[in-house]
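Report on the following structure.
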Amino acid sequence: MKALPVNIEIGSHIWVGDPELAWLDGVVFNIKGEDAEIQTSDGKTIVANLSRVYPKDAEAPEGGVDDMTKLLYLHEPAVLHNLSTRHEINEIYTYTGNILIAVNPFQGLPHLYDAHMMERYKGAQLGELSPHVFAIADVAYRAMVNEGKSNSILVSGESGAGKTETTKMLMRYLAHLGGHNASEGRTVEQQVLESNPVLEAFGNAKTVRNNNSSRFGKFVEIQFNEHGRISGAAIRTYLLERSRVCQISDPERNYHCFYLLCAAPQEEIEKYKLGNPRSFHYLNQSSCYELVGVNDAHDYLTTRKAMDIVGISKEEQEAIFRVVAAILHLGNIDFAKEEDIDSSVVKEESKFHLQMTAELLMCDPHSLEDALRQRVMVTPEEIIRKSLDPHDAAVNRDGLAKTIYSRLFDWLVYKINVSIGQDPNSKFLIGVLDIYGFESFKTNSFEQFCINFTNEKLQQHFNQHVFKMDQQEYIKEEIDWSYIEFVDNQDILDLIEKKTGGIIALLDEACMFPKSTHETFAQKLYQTFKDHKRFIKPKLTRADFTIVHYAGEVQYQSDQFLDKNKDYVVPEHQDLLSASKCSFVSGLFQPFSEETAKPSKFSSIGSRFKLQLQQLMDTLNSTEPHYIRCIKPNNTLEPAIFDSMNVMQQLRSGGVLEAIRIKCSGYPTHMTFSQFLHRFGMLAPEIWRGNYEERVACKWIFEKMELTGYQLGKTKVFLRTGQMAELDAHRARVLRNSVTVIQRHVKTRATRKNYLLQRQASIHIQSQWRGKHARQLYKEMRQEAAAVKIQKNLRRQLARRSYNGMRSSAVVLQTGIRAMAARGEFRLREQTKAATAVQAHWRSHRAVSCYKNLKEASVVSQSNLKERIAEGEDMNLNMEGEIDSLEVKNYKLQKQVEELTCHLQSEKQLRIELEVEKGREIKTLLHSLKNLQNQVDETNAVLLKEREDAHKESGAHLIVTEASTHDDDAKKGTCSEEVGNLKALLRAEKQRAENSERKYAEAQGLSEKRRKKLKETERRVHRLQDSLNRMLCSMSDQFADLKMILHTSSNSTSTSGTIATDVRVDFASDNSDASSNDSDFSFPAPVLSSASDDLSSQNNNFQLIVQDLSTTEISGSEEWHGDKEGAFDDYF
């Protein structure tokens, strides 16, 4: 609804749109061109165009008005605010003329519906008491009794708005007026309510917005006799949503009865071969199988009990649920493509469901299969059987399921009507229509199209009624209303239901052509209605279309329109089920009449829907209508929550805003003369000075304001749309000017009074302030003297604390350095002492061992050599070859010994160099530590001297000047920097000492590795010495053998020669002993005869070899005295 041009000025109270709360109230505080700056009630400041704001009645009652036609401004925000205000105080009913708006409170309000309340509204005029559903029922009953005309009450609203409860209250009140009492048995209201569980089980389902939504229209006829007493009742149902049986959307559910049967007792489930709802095609199209807070097993027993109450026998109940189970099994029959073209066959896994369907319907399985897979075409010449492809066979199956369920529902309604009882002689009736409201979802299919078509029809009926009420008001006041145009929606109805060229006609036409698809149907709509103002082709879609309904635009998806519209009963189905062995099933399918049995007869859901809707409208047009619009305040179904956006959408869908638009097309504002003068008399103050009639005074005001288009009735003023806001704008201007004058005088007096009080107070404040200032000055002087004294003591304390801290730090630093130096010196002394002890022990041990071994070896070698020389003199010539080989071997051994000796000397030299380097580094570190200690001592001495000088200087001066303080601080800073530098040097020396220790540890590790290598070398020399000893032993044996040979050969020599020889040998032995003491291991050549000169030369060579080897060994031993680690312990 667009805002109408009104006069908005600064200070005007207005309504402005809000995306969350629908509307916000505020006050205009500035206007710039076409934009207004608004201060909203929640403290926000927004800018809005003047064409998008609505005026607000600032003087409206706080609790709202009970009839919204009394609102001075009749527009969307005013209506919404009035409903919200009344909802807060639990006033759930509000009139709009004779239309009742009922807001669901979602809580019990028993005080509104007790017997006392019924008696209060009995016979009361509409509007005399507070709005109530009983008032509407009473008006309908009084009109029926007094005028002798049937009445109807139309209850509408979306799912969950409370239509069912409102219908119950209407029937309770009508039963109260009809005169039934407890002695007459069950009342009509009780009988109708007892049938509700049955109708809800088979006609209600879960939708997106409601868990128990009625998917059919219900018109309850309460019949009265000529005395106004209830004589009977009947329930008429309209527009059952048949397509829901086969097709449901997620998260909706199918009709409740299917889930109730799946939750039946185990024996029932086994008898019908049922199971989990997820196993059935008609139920598993949605993921919703259970409802929160609903027990399907309990509801199944409740439904069976309700069937007993309404008079359905056990056999009929058995047959009813057998049919329901058959529909579930029927939906699980799937078809596969057969080898032949355009033919199908039942899948192997579906044959069980085919057999169960036939058993439950008590018909032949083969006939059922043929009826699903084939279509019979009767021609004048012959009967043709046409096979269906899998898709057409599935459509044929769904058509059979919808037909069975529809006829079962019609039979239940018929049975309930029989149970309630009807009066064929009834003269009057009051009908209560409970039908679904306008629907607009994310996905809108054929069902929403039919429902919205119904609401368009009802809205046209509603608009005519509202316009008629306005006409009666205008006639009563005798004003001219002939030029007021009636706002009608006939163009939308023509778009939908026109016999030639309407949407339903085009849909039926598309269904009659086998090759038609939803896309060809949509293209036909685009071509036919491309210029229609109520029809829109959406962008980016090929099969959707949009219709501009009275409640807004709705976009429909046509992809299932053709399948859901097909409704004709296949003759094969009719013949199959009419021949069922079950009397209940055959009774549902009575034989066709000759007219309906014609093959050319085509029927569709849309056509039947339009026919039923027309019958309903004929019934409503034959009665006097009354309207109740039910509103759901929130989607969470909780009390005390008012969702403005949700309610606004329902007001549009329910036609309330459309009714307001109709009223606004005429004279929406009605006021009595006295009310008008009371509100706007200030615009013409001169009328109060004269004695004018109210009508003349009102006309005077209009002429002065230069307004036209208004009407003056007999007792009321009728204003066109916008005129009330214009008058309020003039009134606000007058009030604002008056307020300005009053404020000027009041502010002048208040300002003068305030000035005098301020002058007297300022004099008193000045005197008090001066005294306070003097006291404050004296206090500051005392504080300054105390601060100087405190500073002196504090600085002295800080200086002493700093000196003590630096002194303790220096002491700790000196202690650490001296301790480190002492530990280093002690560690060096211990290492030197340990090395000296090890060297002494090792040299002593090595010397003793060497001496013993050499002495023993020399004695043994000399004795053996003497014998061998004596024996070898005779063998000299024979041993030349052997001696040559021994010399070669000896030469090789000598070379190896020399190489090992050189290697050993290099290892010892490297170790000596490492020891020298290590000692040099240690001396360097000690020298650095000593220099550092001297620097620290000098720094401490300088620092101590400076502190003593500073202390003496501070004692000499009582007042510490700022310059001396700066000098002390500079000296302290210098000392601190020196101490810091010394600490840094100390840390560097520590780091250097640690590095030296680490290098020393690495050198020790390397020395250890080399010592091990030297040990290995010594072992190898030892093994070589052993080999040499063994060789000497072998040579000794050879010399012994040679001596024996020589001794044998010398037996023939002279005695003197022998004696001489013995003497020479003894002499040689003596000389040998003597020489062993001097040269450790030497063999002087024996005195032999000239015959053994060659042997002597050989022996001399051997003596040289042994002497060189011994000399080398002894010299090596002397060099080993320098090795402090004792490399040849294993050798000894």
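Note that Cβ sites are derived from N, Cα and C of the backbone, with glycine treated the same way.
As recorded in TrEMBL:
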- 9-58: domain 'Myosin N-terminal SH3-like' (DOMAIN)
- 63-732: domain 'Myosin motor' (DOMAIN)
- Gly157, Glu158, Ser159, Gly160, Ala161, Gly162, Lys163, Thr164: ATP binding site (BINDING)
- 613-635: region 'Actin-binding' (REGION)
- 883-949: coiled coil (COILED)
- 992-1001: compositional bias 'Basic and acidic residues' (COMPBIAS)
- 992-1018: region 'Disordered' (REGION)
For the recorded ATP site, whose residues are Gly157, Glu158, Ser159, Gly160, Ala161, Gly162, Lys163, Thr164, find every other residue on that chain with a C-beta no more than 8 angstroms from the centre of their C-beta atoms, and list them by sequence position. Asn104, Asn210, Gly437, Cys630, Lys632
Around the Cβ of Gly160 (ATP binding site), other Cβ atoms within 10 Å, all chains included, total 20
In the region 'Actin-binding' (613-635), how many residues does DSSP put in helix, strand and coil? 9 helix, 8 strand, 6 coil
With every protein chain in view, what's the tally of Cβ atoms within 10 Å of the Cβ of Glu158 (ATP binding site), excluding that atom itself? 23
Among the binding-site residues listed here, Gly157, Gly162, which has the most company in the form of other Cβ atoms within 10 Å of its Cβ? Gly157
